[in-house]
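These notes are about the structure you will find just below.
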Amino acid sequence: MFYYIIAFVMICLDQLTKWLIVKNMMLGDSYPVIDGFFYITSHRNSGAAWGILQGQMWFFYVITLVVIAGIVYYLQKHGQKDKLLGVALALMLGGAIGNFIDRVFRQEVVDFAHFVFGNYHYPIFNIADSSLCVGVILLFIQMLLDGKKTKESTT
């Protein structure tokens with residue numbers, strides 16, 4: 001249950017921040033938080049990461065539902081045994097559902113976190129994207145730890 005609370009909190013944070021952006025900013029508006037480095041920029045994305053597969057909503061609906069089902073399955077089957085895995089899956093679940101809500105109700109995803117590194121503008125993202133990425137990183141760490149345990153037990 002704890003892991004579903006983490007996912008729920010991430011969904012709420014994601015949807016609240018997106019609602020604030022849509023309500024208070026025009027598309028394309030940008031406000032510096034740390035001038036020259038971090039901006040809040042109102043942006044929309046009808047595709048996936050970095051704007052790939054623009055407008056392919058049916059594809060994202062199917063893939064996201066399959067991913068959500070897989071995450072819930074693994075969370076139920078393995079998440080309770082391993083805290084790091086549970087947190088990783090919860091963050092991934094929250095991120096997947098957060099962006100899925102946008103795709104279903106807006107047919108696009110609201111993005112706003114905009115980082116600039118010199119002349120390079122990192123693709124604009126949101127809380128759900130961050131939740132997914134942190135979850136995937138934690139999942140990789142868990143996999144490395146599991147691999148190390150397996151290697152130690154066989155030697």
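Numbering starts at 1 and runs along the chain as displayed.
Using the three backbone atoms N, Cα and C, a Cβ is placed for every residue, glycine included.
As written in Swiss-Prot, here are the features:
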- Asp111: active site (ACT_SITE)
- Asp129: active site (ACT_SITE)
- 52-72: transmembrane segment (TRANSMEM)
- 85-105: transmembrane segment (TRANSMEM)
- 124-144: transmembrane segment (TRANSMEM)
Practice problem: Find, for the listed active-site residues Asp111, Asp129, the residue with the lowest Cβ contact count at a 10 Å cut-off, counting only other Cβ atoms. | Solution: Asp129
Self-check item: Pairwise CA distance, Asp129 (active site) versus Asp111 (active site), rounded so that it is a whole Å
Solution: 9
